[in-house]
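> Okay, handing you the structure first.
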Amino acid sequence: MTELKNDRYLRALLRQPVDVTPVWMMRQAGRYLPEYKATRAQAGDFMSLCKNAELACEVTLQPLRRYPLDAAILFSDILTVPDAMGLGLYFEAGEGPRFTSPVTCKADVDKLPIPDPEDELGYVMNAVRTIRRELKGEVPLIGFSGSPWTLATYMVEGSSSKAFTVIKKMMYADPQALHALLDKLAKSVTLYLNAQIKAGAQAVMIFDTWGGVLTGRDYQQFSLYYMHKIVDGLLRENDGRRVPVTLFTKGGGQWLEAMAETGCDALGLDWTTDIADARRRVGNKVALQGNMDPSMLYAPPARIEEEVATILAGFGHGEGHVFNLGHGIHQDVPPEHAGVFVEAVHRLSEQYHR
């Protein structure tokens, strides 16, 4: 077993005792940091940054040099899997991700390959191995993937969407095609995450960014069912240590009980769910991660500290809380405000772990 100097994050996910509440930030390696912008400029474009193991490692480590974070998260993108399936991912300036060949019907789905994680996605595994080497056991490394439903939204819509009419048309008019796509994605994501674990990821997270646009019944059928399949297929132990799994559905606060039944170790919460209520509902079945509104980081330091204190009090005493934002950090947040946030979590949480 590789020794970890700081295993707070893993311990909290497994609801084991910790000295203070661990904290990291979604998108902690990102555009709010001037050093990230410099490295991205050096890479040329976003996907070149993802595909260069040394540069992906550099941006993964940048926030850890600034802040005493309790975990590193692999620098990558959720769309690496559809890109490896041959959909032609590209980024339009100011428009976000786009695909040259969106999926329109069952025949398109049938043509999609299941990517080999050590081949088409080998650059991700190289990044994982490089980051693990450079972390030198300081903190654990989180691997991740998008959920099948969320990946499918981009693959069918051809880009990001506000109304999701194209994929919902497929869901209601041709559910068989969508289920075939989701099934293929679930298999691909399982292989992808297991490869990340074998390469050195010590925990994994599934981001279901767009699950919250579904009705309760559709969420169960088209999103949660496939995340459950992935959880069932994941390696749960590696290098002599349990590998915790976190599920995060943005806008999914009403479905926490069902999510907790998947066998995952933790649930991510966005800022619209009250953490005290979430803890009451799931009890000690899973750990909880979250859930400060990322926009709170625009506030003055005293207000940020007040919000941290409120969320810590909401969760209360005991184990099983990983502090995070309710979604990714915004690109124009002052970096020193992120520092205030991280420091406040450690300082103010000590009283809850005595």
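For all residues, glycine too, the Cβ spot is worked out from N, Cα and C.
From a predicted model like this one, the values you see are computed outputs, not experimental measurements.
Heads up, here are the entries from Swiss-Prot:
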BINDING   R27, Q28, A29, G30, R31, D77, Y154, T209, H327  substrate binding site
SITE      D77  site 'Transition state stabilizer'
> State which of the following binding-site residues has the fewest other Cβ atoms within 10 Å around its Cβ: R27, R31.
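If we count Cβ atoms within 10 Å for the binding-site residues R27, R31, the smallest count is at R31.
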> Return the count of C-beta atoms lying within 10 angstroms of the C-beta of Y154 (substrate binding site), excluding that atom itself.
26
> Counting Cβ neighbours within 10 Å across all chains shown, tell me which of the recorded positions A29, D77, H327 comes out on top.
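Of the recorded positions A29, D77, H327, the highest Cβ count within 10 Å belongs to A29.
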> Helix, strand or coil at R27 (substrate binding site), per DSSP?
coil
> According to DSSP, folded down to helix, strand and coil, what is D77 (site 'Transition state stabilizer')?
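DSSP call for D77 (site 'Transition state stabilizer'): coil, neither helix nor strand.
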